[in-house]
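A.B. asks: This is the structure I have questions about; it appears just below.
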Amino acid sequence: MSSGLWSQDKVTSPYWEERVFYLLLQECSVTDKQTQKLLKVPKGSIGQYIQDRSVGHSRIPSAKGKKNRIGLKILEQPHAVLFVDEKDVVEINEKFTELLLAITNCEERFSLFKNRNRLSKGLQIDVGCPVKVQLRSGEEKFPGVVRFRGPLLAERTVSGIFFGVELLEEGRGQGFTDGVYQGKQLFQCDEDCGVFVALDKLELIEDDDTALESDYAGPGDTMQVELPPLEINSRVSLKVGETIESGTVIFCDVLPGKESLGYFVGVDMDNPIGNWDGRFDGVQLCSFACVESTILLHINDIIPALSESVTQERRPPKLAFMSRGVGDKGSSSHNKPKATGSTSDPGNRNRSELFYTLNGSSVDSQPQSKSKNTWYIDEVAEDPAKSLTEISTDFDRSSPPLQPPPVNSLSTENRFHSLPFSLTKMPNTNGSIGHSPLSLSAQSVMEELNTAPVQESPPLAMPPGNSHGLEVGSLAEVKENPPFYGVIRWIGQPPGLNEVLAGLELEDECAGCTDGTFRGTRYFTCALKKALFVKLKSCRPDSRFASLQPVSNQIERCNSLAFGGYLSEVVEENTPPKMEKEGLEIMIGKKKGIQGHYNSCYLDSTLFCLFAFSSVLDTVLLRPKEKNDVEYYSETQELLRTEIVNPLRIYGYVCATKIMKLRKILEKVEAASGFTSEEKDPEEFLNILFHHILRVEPLLKIRSAGQKVQDCYFYQIFMEKNEKVGVPTIQQLLEWSFINSNLKFAEAPSCLIIQMPRFGKDFKLFKKIFPSLELNITDLLEDTPRQCRICGGLAMYECRECYDDPDISAGKIKQFCKTCNTQVHLHPKRLNHKYNPVSLPKDLPDWDWRHGCIPCQNMELFAVLCIETSHYVAFVKYGKDDSAWLFFDSMADRDGGQNGFNIPQVTPCPEVGEYLKMSLEDLHSLDSRRIQGCARRLLCDAYMCMYQSPTMSLYK
């Protein structure tokens, strides 16, 4: 492709810029006239059409027979002006330009450009649209809803359009934002439930495959398919669990102010299933509604009873009715209240049966001696009549309670009530908290109760009279048949109640439970159908762990009884690491890796790096005990081998109790303290374990300027910051450090652990460091043949002062043969250099290497230990491919509160390979915040890089 680079200076002076854009169809190679460097403008780059002020247009007439050329300002390189042939570009409109410009990878951008259908659909994606998001290549797409559409940074003539998406369902917790970008709130969602992505990562969910619209439709949702209105008095049915309930239509219309949501239907049910009083937002829509037998639902959830096939749905509903809380799929059946005179008469209905568990539900003050609800299960000996709560006198008694059908998954007298609509909150397009269409009907009933905005409420202190010692984070149970087990996440007294409640996160889902909200206010956050609010006095310490209650000591708590659900295996048989696909299948997933507990991440991540996919240090696990070893040598070695390393390699998981055993052993060392509770550094752990307990042969032997050899287990890079260097490689850092300190390896190491240059945990010398996949240490070894930097022959002299000379192999250690050394130092600027002879084996004749191939000593990167804000994580390589990387976090998730459990996780991160293929210049210019997935932590937060020698590990 022919093109010319006009200038690297700003072009605003000689040119007019027009809002016309072109996309390059071929790669363009041009020369910078200032630096004479070859620049590449890849296929898929976008340029803005510029107009020559003097000529009046930028289509430069070419020689006869040649096509015109177009002047473009490349948007990714705003100071570069190119002139390209018309045949090598295609004009694109501004809206497409904005969508494509957000895709930083030109190859992926060009691929999307060719998919015109998908690109056109991108114009339709707006706030409120249901989408699928591709977070990582090769993985499944997660469902979500667009909450933001627009540029992230409006700093250019034209900016790329990004989409802020709230991830739903299985995608929750897989994101990286709560809607904030560079300190600016662009939308609102829960932490780590949002992402900002370009169009290439999005797929608009069509009508046929959406399962989200009815609960997540935006105000301008064009996907909503409306059914024709149903006639008043027509018979209809709806599905409740596994059964069909019937009723008569008394209302069918759109809701005032919510017309875009489509038709809603009010149904007078044959059985007492209902919650609607005929009002919406204070407007009386229907005068025939009986609160306890009338229900308001979206028309998509109604089955017209036109024939005997009423059991078949008119069309597949957008969301299964069960998912809105009518019942629990785990229930075998649903018992319905009998339509007796006492229950069918509204005046005789028991209004106290239901104190709410659900967000937006209500309470009544009339206690009933024979009705005991799960919500208020008090002490076993307590009078059931006292088990119902009292509410404040200002409660609007004219607002009837919601009375859904009970579910028989609980005992007969203590049924859990589940409402036949969703009360799940969802952020509106403006970021405020709204409700799905089906929750709007409940809102009208509860408008008196839900006047307070939904917000995170701080936990209130537990009253001192609590005899059980329960607190936030305690494992508790609620006596039922069967009992409920969970972790107390909140304790306090909600407004309008004179009872202290406990909010529990249950172990298992239960119909009727929420995600942490009570009466419209959020007190904590958990998975849907897992939050239960009960009287605090109804709670008891979890009887399954009676010996551990109450527990305040996190060290003593870390035992096999408390961690009963997280225990790992003991494996006696020596097990080499499984690599490639086999290792991947064993290791990836949640509850994989090493479980973290109580500031153990430094130790978890270090052990995972050293042993998960490398056997270079397996000799540490096998050396027999010697006379001079400490008394707990065998105990430590056996623990490491059979309870940590072998189970990790076979099952991919190690419980925190095993690590606590090791931490207690580390505490026995006289020079050590705080290993069971405090945050430590990996180097401190390695020093105590390797030197004081296992007496491991030092991994490194280093000599400084001919002095005595020094032994160590890892090498810390010390150096001053070089402002000229953008992104250094590990190879460069190691060579710089050795040259400046005049160091050499006395022996080739089998394992090389390099600590990155930084001042403390927080201050990094470089914003990014490129982890060299292969490390050539040949020039850093003493008594080793080395190549002349000029002719490739046997080097006899090394010159440290030539190291920074850019004219001779810039950035390389300078060693020369006799002839080349003389020639190099004849130059006037090198006349005063002091060079030294290279240390060579004494029995090595010069001529044996003069024309031969001098072997290199290379080491392979097998793991990187990273730290960010005092939390250590690990990257390990499980195969030969550059993309064969796994990311490990010992505390990736949490089960329960303060006395809960960390859930470790290992995830593949193939995106790392793409960044390791980038040039250092491209990596330097790349905004760290734009680095996808886990790769940012690898490139920006490296703390230790671990290398192994495939050959030397056979001998050491």
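Residue numbering: from 1, along the chain as shown.
Backbone N, Cα and C define each Cβ position, glycine as well.
Source: prediction; values computed, not measured.
So Swiss-Prot has the following annotated:
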{"type": "ACT_SITE", "residues": "His871", "note": "active site, proton acceptor"}
{"type": "BINDING", "residues": "Cys799, Cys802, His825, His833", "note": "Zn(2+) 2 binding site"}
{"type": "COMPBIAS", "residues": "330-349", "note": "compositional bias 'Polar residues'"}
{"type": "DOMAIN", "residues": "253-286", "note": "domain 'CAP-Gly 2'"}
{"type": "DOMAIN", "residues": "492-535", "note": "domain 'CAP-Gly 3'"}
{"type": "MOD_RES", "residues": "Ser387", "note": "phosphoserine"}
{"type": "MOD_RES", "residues": "Ser418", "note": "phosphoserine"}
{"type": "MOD_RES", "residues": "Ser422", "note": "phosphoserine"}
A.B. asks: Just to confirm: which same-chain residues, 6+ apart in sequence, have a Cβ under 8 Å from the Cβ of Cys802 (Zn(2+) 2 binding site)?
C.D. replies: Ile808, Lys814, Val824, Arg830, His833, Tyr835
A.B. asks: Once Cys799, Cys802, His825, His833 are set aside, which residues in the chain still have Cβ within 8 Å of the Cβ centroid of the Zn(2+) 2 site?
C.D. replies: Glu801, Asp805, Lys814, Asn821, Val824, Arg830, Lys834, Tyr835
A.B. asks: State the Cα to Cα distance, in Å, between His825 (Zn(2+) 2 binding site) and His871 (active site, proton acceptor), rounded to an integer.
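C.D. replies: Between the alpha carbons of His825 (Zn(2+) 2 binding site) and His871 (active site, proton acceptor) there are 50 Å.
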A.B. asks: Cα of His871 (active site, proton acceptor) to Cα of Cys799 (Zn(2+) 2 binding site): how many Å, rounded?
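C.D. replies: Each residue's Cα considered, His871 (active site, proton acceptor) and Cys799 (Zn(2+) 2 binding site) end up 42 Å apart.
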A.B. asks: Quick check on the binding-site residues His825, His833: which one has the highest count of other Cβ atoms within 10 Å of its Cβ?
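C.D. replies: When each Cβ's neighbours within 10 Å are tallied, His825 tops the list.
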A.B. asks: So what sits near Cys799 (Zn(2+) 2 binding site) in its own chain, CB-to-CB under 8 Å and at least six residues off in sequence?
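C.D. replies: Within the chain, Cys799 (Zn(2+) 2 binding site) has Cβ neighbours under 8 Å at Lys814, Gln815, Phe816, Asn821, Val824, His825, Arg830, His833, Lys834, Tyr835, Asn836.
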A.B. asks: Could you put numbers on the helix, strand and coil content of the domain 'CAP-Gly 2' (253-286), residue by residue per DSSP?
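C.D. replies: Residue counts in helix, strand and coil order: 3 helix, 14 strand, 17 coil.
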A.B. asks: Limited to the domain 'CAP-Gly 3' (492-535), I'd like the whole-number average of pLDDT.
C.D. replies: 84
A.B. asks: Ten-angstrom check, please: count other Cβ atoms within 10 Å of the Cβ of His871 (active site, proton acceptor), all chains counted.
C.D. replies: 18
